[in-house]
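Each remark here refers to the structure printed beneath this line.
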Amino acid sequence: EEAVFLRKKITLLRAFSLLIGSMVGSGIFISPKGVLINSGTVGFSLVVWFSCGLLSMFGALCYAELGTRITKSGGHYIYILETLGPLPSFLFLWAEFFAIRPANSAVVSLAFGRYLLEPFFAPCAAPIPAVKLVSLLGYYAVLTLNSWSVTWSARLQTALSVVKLLALALIIVPGMMLLAQGHTKNFQDAFDRQSLVPDKLPLAFYAGMFAYSGWFQTSFVREELVRPERNIPLAVIVSVITVIVGYMLTNISYYTALGTQEVLASPAVAVSFVQQACTNLISVVPVLVALSCFGTMNGGILTFSRTLFVASREGQWPPLFSMIHIRRHTPLPAVMLMLPLVTAMVCIGDIYHLLNFFSFSRWLFIGLATLGLIVHRYRHPELQSPFKVPLFVPVSFTIICLFTVAMSIYSDPVNISIGCTMVLSGFPVYYLVIHRKMLNRCHRLLYYLTHKLQLLLEVVQQEIKTY
């Protein structure tokens, strides 16, 4: 009795919560180890953390302008499609679906399982099979919620954003108290150049940028945002500044209580910090960190399902995934599609190998998206965007992204080669399925399968476009 489409339910507060909830997740509790091991010293690692924050702000500002210029949802995918064309956008979609997103979700899920179980097995490490089981249960719970209701997943994101900031506060406050008491021995020789390995710096930036990743999440749900021209830039700027300050203070707190070797030896840095600095919070902080990871999983599913939804609507993905549940008004098929791949990666994956594996592809395409902003400005000078950044911001961000991607080939050739192969494997698929329109030749079979799945899932095509 009513039109079936994705409602505008994401207000400014929910957009801010989505960004905070996506950025402050497993990264700040996992990445300190990855940044430190690849930067060499405490001082250089703090420089990397600040540089990653500044770079994230540049990228977020570029995406804020893209979000006001291009009014469709879909994030990286739709920006590359509208500015650089169908081939690079399909290669992104291919790599995102088969590598970037499931690996990212697996990293966050494993962090959720590890931190949730840590208090029950301390001082021993939690058994790997138990961690993986709990990780999968958490992911399935978030998947179910996103299939059920956009409103409730947005409300959960808002609540968990408060939990995330509380978790950071419980690390920052004791750390600052220790620092005020004169605990500065771990900051001696903080910039020892003998420990710096320049060719490992791209991997340090990957780890740091992973912790900040999430500043682009509002671009995935652009059509569901209330007053996007105003709320996208405002939410982006406030949230990224908040996270930069929080991350810098959190890392200083870590190094105030823990030495370099203690950070590198710790499977869960936040837990080791609490054991060292404030034992009365030993059972509280790991649970808060686990809830923080839970919120990141929720934000990831909420946004990536919109990429598949838009790609299907644009004709680069099977038509079933542009359909919406007739009562729940959620993109149910797109939400459910990631389940098998994430399950497989959680079962077989290792956090740090997964981190390098998907970071190459992610930052390659983010660099291409901001390159697309420069191209779009050149092609459409008449377009008056309500939000515009200075040209040096997208130029410098694009150069840094592509340079880091190129340098990482020397730093971790095995994992980067896997990521590169995954991207290139999309070429023959694009040529056969999209360019040659092979699916049209299988139209009857595709129609039959789509029709049966429609009946099973109770989904239909979007009736009106909200952009």
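Note that Cβ sites are derived from N, Cα and C of the backbone, with glycine treated the same way.
Lifted from TrEMBL, the feature list:
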- 12-30: transmembrane segment (TRANSMEM)
- 42-64: transmembrane segment (TRANSMEM)
- 76-100: transmembrane segment (TRANSMEM)
- 120-142: transmembrane segment (TRANSMEM)
- 162-183: transmembrane segment (TRANSMEM)
- 203-220: transmembrane segment (TRANSMEM)
- 232-250: transmembrane segment (TRANSMEM)
- 289-311: transmembrane segment (TRANSMEM)
- 332-354: transmembrane segment (TRANSMEM)
- 360-379: transmembrane segment (TRANSMEM)
- 391-410: transmembrane segment (TRANSMEM)
- 416-434: transmembrane segment (TRANSMEM)
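Using the rule of three or more Cβ pairs under 8 Å, pairs at least 6 apart in sequence, the transmembrane segment (42-64) is in contact with the transmembrane segment (391-410). In this chain, the transmembrane segment (203-220) touches the transmembrane segment (289-311); three or more CB pairs sit within less than 8 A of each other, excluding pairs fewer than 6 residues apart. Cβ atoms under 8 Å from those of the transmembrane segment (203-220) belong to residues 10, 15, 18-19, 21-23, 25, 27-28, 30-31, 33-35, 37-39, 45, 48-49, 51-53, 55-57, 59-60, 63, 66-67, 73-76, 79, 104, 107, 228, 231-232, 235-236, 239-240, 243, 247, 296, 299, 302-304, 306-307, 355-356, 359-360, 362-363, 366, 404, 408, 411-412 of the same chain, restricted to positions at least 6 beyond its ends. Through the fold, the transmembrane segment (120-142) approaches residues 105-106, 109-110, 112-114, 153, 267, 271, 275, 282, 290, 293-294, 297-298, 301, 339, 342-343, 346-347 of its own chain, all at least 6 residues removed from its boundaries and within a Cβ separation under 8 Å. Long-range contacts of the transmembrane segment (76-100) within the same chain, counting only residues at least 6 positions beyond its ends with a Cβ under 8 Å from a Cβ of the stretch, are 63, 66, 70, 216, 219, 304, 307-308, 310-311, 314, 316-317, 337-338, 341, 357-358, 361-362, 365-366, 368-369, 371-373, 375-376, 379, 419, 422-423, 425-427, 429-430, 434.
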